[in-house]
Structures are given as structure tokens and as C-alpha cells.
Amino acid sequence: MRKIIHIDCDCFYAALEMRDDPSLRGKALAVGGSPDKRGVVATCSYEARAYGVRSAMAMRTALKLCPDLLVVRPRFDVYRAVSKQIHAIFRDYTELIEPLSLDEAYLDVSASPHFAGSATRIAQDIRRRVAEELRITVSAGVAPNKFLAKIASDWRKPDGLFVITPEQVDGFVAELPVAKLHGVGKVTAERLARMGIRTCADLRQGSKLSLVREFGSFGERLWSLAHGVDERPVEVDSRRQSVSVECTFDRDLPDLAACLEELPALLEELDGRLLRLDGSYRPDKPFVKLKFHDFTQTTLEQAGAGRDLDSYRQMLGQAFARGSRPVRLIGVGVRLLDLQGAHEQLRLF
């Protein structure tokens, strides 16, 4: 049985700003771009979240929700330096580390000799060292696989530790809302709810075949997750080729106008994912993906195109013209240039 730890820094960028400037502590704080230049929130303090402010939100919107919000420009050089320090701590316990972003990573400690192989004690020690050496907090989840470790790290945020033992997996997953499953967004969760499926226990009542018929290959993934199964390894050398966001709609979108209405929300989520990349990547070619009602699909990307709403609207229009029929799924994304540690800064757009 594997022992996986998921570590997630608590409001990482904001935490570092508050660490380095104590006058910001306890205040509604957002790190991000200027509201006058269509900036977005990279992250925010928990005080700001109480007002509804969240990552990837337009800064103008955030200021409407919280007029007293303090806006701080990001210092990516500081964030990257601290991220490297955190990873150096990780390497004292295992070399099997899969970074997900500057502030998040999976660790496989199955073969670690530290603390007699106790993943829980390793996670406790990592949290202690980060707090003492770097003066910020991290949350940790311990479980037999990546899917559950990630859920566990969020269970007692901020500054928390949650452990799911192999013996607890079945009961824990059974009570889990399907909205917690990786890949289940708002639309899919609502679709499942209309089928009478709200928890993983509900998912287990049906057959795998029925899920595949309803959701395609994702149905198989749903079935596995509902049973607490996730065989994905911790990928040490994993490098991203792209970042994207997709949404499958409960009802097919009948025309281009309906598709265009969905773009802003998708791009907002894409912005949030791009902001979490580390400095070894640079966004390059934007692309859109459409899956039509008959399950045929097309992808269109354009070198040199911008990553703004108008550019994606144009690409979406061109992609739609290839089929000119109802749309089941829209995806938006960006191909990445792998800089392997080059010191380039992501643009907050």
C-alpha cells in the first residue's frame, strides 16, 4: 500500500506578503494585477475570502465585494525562492516529488525510512519545519493515493493535517459528495444530482456501464474514484505541455452565441490555473476545443494570438464554423514553453 502526502501552502503569495510586512496581517489582502489594467487576483488572505474574494477573480470585482481590500503586486522572485526552500525540505524525506505549482506538491514516502516509515509523522515534521524555518503554514493530507491525499489536505485548512488510513478509505469515500471528485465541476455535479447521485455511495449503486454510457471514458474514472481507487503514480519528471479548462454542458449549446456566453467563466478559471504555474513555463499558443453533439470534435490554436477574451472569441467562432451544429463541450487552454527554470515572470492578465 502506497503512502502519499499532498502538501498545499495556505494562501501562499498572501502569506509571504504578510510575513514580510507584518502591517498586512489580519487584513483583507489580495495579491494580483492592477484593477485598472484588467488584473486578476492571484491569491488572497482568508480575511478577503470572507467577503467572497477568490483566486482568478477580476480585481475590479474583488474590490466591489471588499472596498477596503489591500492590493499588493506579486513578487514572483520571492515566491519562487521560497518554493525552492520548501522543496529542499521535501527532499530530506523523499526524492519522489511531483510539483503541481509553486505552492503545491505530491510526495510518495512509501519507501522513506524516516520515522519508521510513518507518513503521518513525516507530514507533521514537514509542517513543523516549514513553519519554523520559513514562517508560513502548509496543510497536509496523507492517504494511500493522490486523489484522497489532495482531498485530505483541504479537509482541515488552513494549517491542518488530515489522515485517511487504508482501513478508512471505503467509509470515507462513501460519504464524500461527488462534487469533491477530481474532474467533477459544477455542471457535472448538477447533472449527477438530477440522476439522484449526490455522494460516492450513490455512484456505487449504479453500474460502471451506465456511467460510461452517460459520461464516456470519464464514467470509468468516476467509478474508480467512487471506490477510492486511483493508481496514478507520483510523477517526478512530469512536465506540462499545456494548461486548459473544459466544461461539458448538461444541454447542448445550440449556436455560436450560446457558446460565446460561456467563455468569460472558462477564461477566468484558466487565468487562475496559469497564475499557479512555476517560473519554468511560459504561456505560448492559445487554443480552443469544441466537441459537438455527435461527439465529433475540433481543436484550433493560433500562434501569435493574444490570451484575451476577444482572441478566444475569434478562435471559438472559427472552430464553431467547422461544425456549425450544437456543442456539447467547450475547452480553452494555452500551450506552454518549457523554460526549465528560466527566470521569466508570468504576466497577470
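Along the chain as shown, the residues are counted starting at 1.
Including glycine, each Cβ sits where the backbone N, Cα and C put it.
Note that the structure is predicted; figures quoted are calculated from it, not measured.
As written in Swiss-Prot, here are the features:
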- Glu104: active site (ACT_SITE)
- Asp8, Asp103: Mg(2+) binding site (BINDING)
- 4-185: domain 'UmuC' (DOMAIN)
- Tyr13: site 'Substrate discrimination' (SITE)
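Mapped onto this structure are the features recorded in Swiss-Prot.
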residue	record	Cβ neighbours (10 Å)
Asp8	Mg(2+) binding site	20
Tyr13	site 'Substrate discrimination'	29
Asp103	Mg(2+) binding site	24
Glu104	active site	18
Exercise for the section: Please report how many Å separate the Cα atom of Tyr13 (site 'Substrate discrimination') from that of Glu104 (active site), as a whole number. Expected result: 12
Handout entry: Structural state of Asp8 (Mg(2+) binding site), classified by DSSP into three states
Key = strand
Practice task
Rounded to the nearest Å, what's the C-alpha distance separating Asp8 (Mg(2+) binding site) and the residue listed as 'active site'? Just drop the number here, would you?
Solution key: 5
Completion exercise
Tyr13 (site 'Substrate discrimination') falls, by DSSP collapsed to helix, strand or coil, into helix
Fill in the blank from the handout: Simplified DSSP label at Asp103 (Mg(2+) binding site) comes out coil
